[in-house]
Amino acid sequence: MTVRTPGTPASKIDKTPATTPNGHRGREEKIVVTVRLRPLNKRELSAKDHAAWECIDDHTIIYRPVPQERAAQPASSFTFDKVFGPDSITEAVYEEGVKNVALSSLMGINATIFAYGQTSSGKTYTMRGITEKAVNDIYAHIMSTPEREFRIRISGLEIYNENVRDLLNSESGRSLKLLDDPEKGTVVEKLVEETASNDQHLRHLISICEAQRQVGETALNDTSSRSHQIIRLTIESTLRESSDCVRSYVASLNFVDLAGSERASQTNADGARLREGCHINLSLMTLTTVIRKLSVGKRSGHIPYRDSKLTRILQHSLGGNARTAIICTLSPASSHVEQSRNTLYFATRAKEVTNNAQVNMVVSDKQLVKHLQKEVARLEAELRTPDPANEKDWKIQQMEMEIEELKRQRDLAQSQVDELRRKLQEEQGPKPSESVSPVVKKCLSFSGTLSPNLEEKAPVRSERTRNTMGRQSMRQSLAAPFTLMHEIRKLEHLQEQLGDEANRALEVLQKEVACHRLGNQDAAETIAKLQAEIREMRSIRPLPKEVEVGSVVAVNKSVSANLKEEIARLHSQGSTIADLEEQLENVQKSLDKLVMSLPSNNDQQSNNDTTQKAKHPSKKKKLLPLTSSNSINRQNFLKSPCSPLSTARQVLDCEVENRAPDSDDLSCEIQPDETPTKSDGGDVSSKEGTPYRRSSSVNMRKMQKMFQEAAEENVRNIRSYVTELKERVAKLQYQKQLLVCQVLELEANEAAGYNLEDDENIHQIPEESPVSWQITFKEQRQQIIDLWDVCYVSIIHRSQFYLLFKGDPADEIYLEVELRRLTWLQQHLAELGNATPARVGNEPTVSLSSSIRALKREREFLAKRLTTRLTAEERDYLYIKWEVPLEGKQRRMQFINKLWTNPHDAKHVHESAEIVAKLVGFCEGGNMSREMFELNFVLPSDRRPWFAGWNQISDLLHI
């Protein structure tokens with residue numbers, strides 16, 4: 001009789017593990033079952049035993065009895081996921097049978113690999129090879145995944161005579177307790193867990209576990225395993241620090257080498273070996289019972305996991321949260337046919353067991369806190385700066401709703417007007433007094449009609465009163481649409497006037513900016529004049545030898561006197577420049593006030609005005625924003641365009657004019673005593689009064705939105721121009737100080753002395769040739785580089801200066817200024833030593849320790865930029881080039897600390913500057929210019945303006 005069982009579908013084996021965050025959902029898949037048939041061993045060959053089992057293909061194994069036994073035992077076949085014959089190697093068993101299951105532990109899915117079979121069938125031999133191959137693949141995957149950080153922990157235990165023993169700690173005792181954990185399941189108390197540092201360390205720990213296992217000799221096997229061995233690898237992987245992901249994968253990989261089932265009649269066991277065999281068979285019988293009940297598919301019945309410590313420890317691997325692979329090993333000998341057949345029956349049932357594998361993710365407390373802090377910061381930023389698109393959409397929806405409401409009310413009013421007109425035309429006749437009564441009856445909102453008796457008893461005066469009130473209500477209903485149209489035209493006129501006033505306000509600001517612009521031209525002309533005189537002084541030709549010494553001295557004194565006069569003028573203009581800066585600040589504040597005064601809360605203002613009107617109906621507005629009486633005041637505000645006070649007044653006036661117009665002047669046409677009472681005509685008057693109030697609010701919002709867009713554009717243009725003026729003022733201040741330094745140098749040279757009696761000392765300053773300038777440039781730049789290193793100057797500043805000034809003759813002035821600044825800084829640091837100077841106001845203190853700390857923070861900043869500005873390949877290339885170990889820790893800081901460390905190596909300096917420039921990005925887009933860079937090279941002194949350019953690098957580090 002041939003028995004064929006279906007194999008597990010390949011789609012359920014080869015499918016990549018699905019990512020299921022937090023482990024809430026998994027996917028069902030069946031246990032992968034493979035069968036390995038070993039060749040006949042020496043004992044079986046010596047006993048002239050023959051092979052009774054044969055693998056006919058990769059999925060089927062068949063029983064072939066000897067001819068004399070075919071009648072009693074017919075041939076039978078079994079089909080599994082994979083079948084390996086006697087010639088197969090362990091590597092093939094691993095690659096084609098259990099590799100996918102083993103490597104799924106790297107993705108956060110628990111995995112278990114069993115070796116099941118009778119004694120002497122090759123279980124331990126197979127599991128050793130499987131474990132070795134799995135370790136190789138695990139570490140190969142770790143090396144190919146540098147973006148994740150892996151940590152592997154190993155523990156080993158054996159179950160010997162139903163006692164749990166720790167294989168990594170022989171002193172732990174013979175029996176460890178099993179505890180139930182609500183999250184981890186069944187755990188072994190006091191089980192040692194070692195962390196593997198590398199693959200060699202892991203193999204060493206596995207070999208220790210194998211050496212500590214109980215092994216004995218039987219009639220079937222010289223080295224028979226007398227206990228169940230479980231080696232568990234706990235693999236945890238986390239993304240590196242550069243990622244924002246806070247979840248980690250945690251999974252366990254179990255290598256289970258079961259002891260073989262045996263018959264006492266075949267093993268000839270007695271005493272201790274017999275007792276060991278009994279415990280082995282009992283635990284394997286419990287495992288078979290669990291597999292049989294799980295294969296039925298009905299989970300409602302009791303599954304005896306707790307009947308054996310083996311099934312209790314491996315409960316998750318049997319129908320739980322894990323992927324499981326079972327390797328059943330067989331002996332082909334005909335003397336073991338019954339044991340082999342029982343093994344195949346066990347494998348057939350195991351094929352039908354379904355597991356529910358899930359991805360196990362955990363979040364560490366430290367990573368969770370960092371993630372939550374970032375999330376809180378992001379949410380706070382969103383609250384501080386709401387999405388303009390959403391706010392704009394909300395406003396559009398509000399306006400659309402108001403427009404629809406106004407349209408509905410307009411249609412209602414129009415229908416009422418048409419109805420009134422039609423009734424009036426129908427009732428027109430020879431007696432006008434008779435035509436009033438029907439209209440009044442239609443217009444007045446009575447809850448019912450008067451009875452005939454009450455009509456007869458009503459006096460004539462009440463009849464006349466009702467007729468009069470009816471005519472008034474009719475006139476108000478007719479006048480409401482025309483009033484609405486009149487108010488719309490009035491609002492359009494107000495919109496035009498408000499636009500004109502806004503244009504006038506912006507013209508005033510532009511005139512004020514132009515006034516400041518003309519004010520600093522005198523200082524610029526004076527500085528240009530001084531520069532021309534200095535160039536003229538340097539270009540004086542050599543005087544003839546017969547020129548008298550007195551004339552030369554007179555010329556030098558006259559030049560010095562002229563320069564001193566110009567310096568005095570510049571100092572006198574210092575207050576002018578300060579006033580100019582103050583005026584520019586006032587203009588900036590005026591612009592900010594103008595932006596803040598733009599209408600943004602119109603709805604609230606309109607509601608406040610309406611509420612105030614309702615509380616005080618008889619109170620009139622004394623100051624209307626756009627009436628002719630205020631035109632004279634507005635002209636007075638525009639008289640002084642250059643005064644900051646006038647600018648502030650103009651901004652305040654614009655703020656008053658941008659308010660919503662009071663609705664008291666709109667409602668004055670309808671007298672309070674003419675309005676019908678609520679009982680008579682209140683419904684009609686309330687319906688007629690709502691549309692034009694809402695229409696005025698909508699038109700005012702439209703008008704203010706148009707004005708706001710135009711005003712914001714003009715304010716942005718003026719603000720950019722004011723910023724440019726501030727930069728020019730700072731540049732003029734710097735040039736003035738530079739000229740002062742040059743004059744002081746000339747006086748020092750004159751005092752230090754020219755020996756005017758010797759003709760050789762009266763000579764012209766020779767014009768430097770390109771060759772001599774290049775030599776001077778290299779010497780000065782090398783001095784600057786040395787001083788940079790001594791004074792712990794910012795390496796970003798070094799790189800920017802080094803790459804910007806490359807030997808052009810126009811660079812002479814910048815090198816001179818930098819050399820002076822560094823010389824002063826060196827002297828200043830030498831005088832201070834390790835002391836820290838006292839802080840004066842808000843000015844930064846410069847000391848040796850503060851410079852070192854600033855340089856350290858700057859290097860940390862550049863190390864962080866490595867991951868964002870460079871690719872992984874570029875970083876590895878630089879690590880190799882700068883001799884930074886690729887496997888070392890803190891590679892980025894090691895690399896950054898090597899930059900700008902050798903000032904005497906020109907190649908090192910150039911490469912360091914290029915790397916820093918690439919990390920900071922100031923060379924991108926050509927944004928380096930001498931005009932802006934000169935503000936960073938000002939000499940320090942006790943005056944505040946000298947520190948104008950010292951904060952550039954610190955500002956960059958706080959981006």
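Cβ coordinates are placed from backbone N, Cα and C, and glycine is handled just like the others.
Owing to the predicted nature of the structure, the values given are computational and were not obtained by experimental measurement.
Annotation comment: Swiss-Prot describes 1-28 (among others) as region 'Disordered'.
Here Swiss-Prot flags 30-353 as domain 'Kinesin motor', drawing on sequence analysis.
Contacts of SER121 (ATP binding site) defined by a Cβ separation under 8 A and a same-chain sequence distance of 6+ are given as ARG38, GLY260, THR329, LEU330, SER331, THR343, in order along the sequence. According to its DSSP assignment, SER121 (ATP binding site) is coil. The ATP binding site annotation in Swiss-Prot covers GLY117, GLN118, THR119, SER120, SER121, GLY122, LYS123, THR124.
Look at Swiss-Prot and you will find THR145 (among others) tagged as phosphothreonine. Taking Cβ-Cβ distances under 8 Å and a sequence separation of 6 or more, THR145 (phosphothreonine) has no neighbours in its chain.
The feature coiled coil is assigned by Swiss-Prot to 362-429 (among others), with sequence analysis given as support. On the 0 to 100 pLDDT scale, the coiled coil (362-429) averages 83 in this prediction.
Per Swiss-Prot, region 'Disordered' is recorded for 417-438 (among others).
Positions annotated as compositional bias 'Basic and acidic residues' by Swiss-Prot: 418-429 (among others). As a summary of secondary structure, the compositional bias 'Basic and acidic residues' (418-429) carries 10 helix, 0 strand, 2 coil according to DSSP.
According to Swiss-Prot, the feature region 'Disordered' maps to 451-473 (among others).
The feature compositional bias 'Basic and acidic residues' is assigned by Swiss-Prot to 454-466 (among others).
The coiled coil feature in Swiss-Prot is assigned to 557-598 (among others).
The region 'Disordered' annotation in Swiss-Prot covers 598-640 (among others).
Residues annotated as compositional bias 'Low complexity' in Swiss-Prot: 600-611.
The compositional bias 'Basic residues' feature in Swiss-Prot is assigned to 613-623.
Feature annotation from Swiss-Prot assigns compositional bias 'Polar residues' to 630-640.
Under the heading region 'Disordered', Swiss-Prot lists 658-700 (among others).
What Swiss-Prot records for THR675 (among others) is phosphothreonine, and it gives experimental evidence as the kind of evidence.
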What number of additional C-beta atoms lies within 10 angstroms of the C-beta atom of GLY117 (ATP binding site)?
27
Secondary structure at THR145 (phosphothreonine) (DSSP, helix/strand/coil)?
coil
For GLY122 (ATP binding site), just count the other CB atoms lying within 10 A of its CB, please.
20
Count the other Cβ atoms sitting within 10 Å of the Cβ of SER120 (ATP binding site), across every protein chain shown.
26
Can you name the residues of this chain that are 6 or more positions from GLN118 (ATP binding site) yet have a C-beta less than 8 Å from its C-beta?
GLY260, SER261, GLU262, SER331, HIS336, GLN339, SER340, ASN342, THR343
Within 10 Å of the Cβ of THR119 (ATP binding site), how many other Cβ atoms are there?
24
Quick one: give me the count of other CB atoms within 10 A of the CB of THR124 (ATP binding site).
22
Protein Cβ atoms within 10 Å of LYS123 (ATP binding site), excluding its own:
25
